[in-house]
């Protein structure tokens, strides 16, 4: 039996409130008006608030003289009944607006309103006015209930204080937490801005398979599934890389995809089993040019969405305007570990001794490249606060990257780190089919040795390379982490509408 989180039980007073609301719904059913669907909305709260924001120009008299009549709908977020007149507040996707309700104008609808509950969805029609406190209001001439809410919203002063409940019941979180709603609006704008940036530079958006015959494109453990009709095991993709590079072989020289990847790995504040990636490839580009592209698309996206290139993320003030630092991995390791010499960086036995001294656990199968990466992750990664490209990774940990022409054992690869977190990974692509086949074979041997994240041998991809792939640069940007950066979110779950959670019992 798998471990499950117990389903939260509503308190007794909440149960009684639900029972009362169900009784009200029963009365509406008896009248045949439980869930009407004939109201046509014409106006939004946010648009009205923006249009009539100037209280000096739009006085109550000016609003009445305008003759504007609005038809709106939204969720009832507050109500204040005061005898013959009442106030209410409704919320739609754009914001909130106040309603001014009069019994002598609304008649039976006003009587019905007194029995409505916060959370109900209502429709209103009327003119515009402004209260003595200066608040824009809809002076209702017609009012009706569209949807009866059966569950009470959280207390307005405390909201959803249970973080896990916020993630499980995102639909409630979006209703009562404006900050959460704003994060997901920004997420949409970020993705839209990146698409526009790439489209303007002649990149072609494509769609590649989500289920793969052979998992590949990244060193990660895949999810498996089974196609019944074909009696065939398949894998949810860990990355679209090998399919996108097949398209470059086919002559689509600038391609990108923004879509989901799936990796059967741990869950943390930075990791979710399914996540969104931007992956792109450009023929005749080197990893230096791809670093330039990475820097510019992130900087321009921030400016487009936020209006600034300065952000605060998890306690750090980040400036995206200056040129991003570029630092070789071995140099960064030596800078933070003066006892490691240049010769040590490619000496397996020396690196093993350093790992032992640093209390870094390693496996017997690790070569010097993997050991160097382990030391980097343990001693350097968390120190990279301002945007930094770590470059020239060892071949051992870069099975798809082009080998360096000047540094044996290293590759033309980079990773971008901001505030100790990896946001992007790219390289000059390996387009030598014989070298690629040899690296695939090394990955197969690593898998046979117990490395669950090692790649499989993809013979069809080798065949594609044998037709010839132009010199190419590639890039992957973690959209979820980029959204975290640009919204100041500290957990990946805060930028995923429905993050992975253990099922409720």
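Placed from the backbone N, Cα and C atoms, the Cβ positions cover glycine too.
Classification of residue 422 (Mg(2+) 1 binding site) by DSSP places it within a strand. The annotation Mg(2+) 1 binding site is assigned in Swiss-Prot to 415, 422 on the grounds of sequence analysis.
Take the CB of residue 422 (Mg(2+) 1 binding site) and look out to 10 A: across all protein chains shown you find 16 other CB atoms. Per Swiss-Prot, the feature Mg(2+) 2 binding site maps to 422.
Within the same chain, residues at least six positions away from residue 415 (Mg(2+) 1 binding site) with a Cβ under 8 Å of its Cβ are 389, 390, 393, 422, 424, 425, 426.
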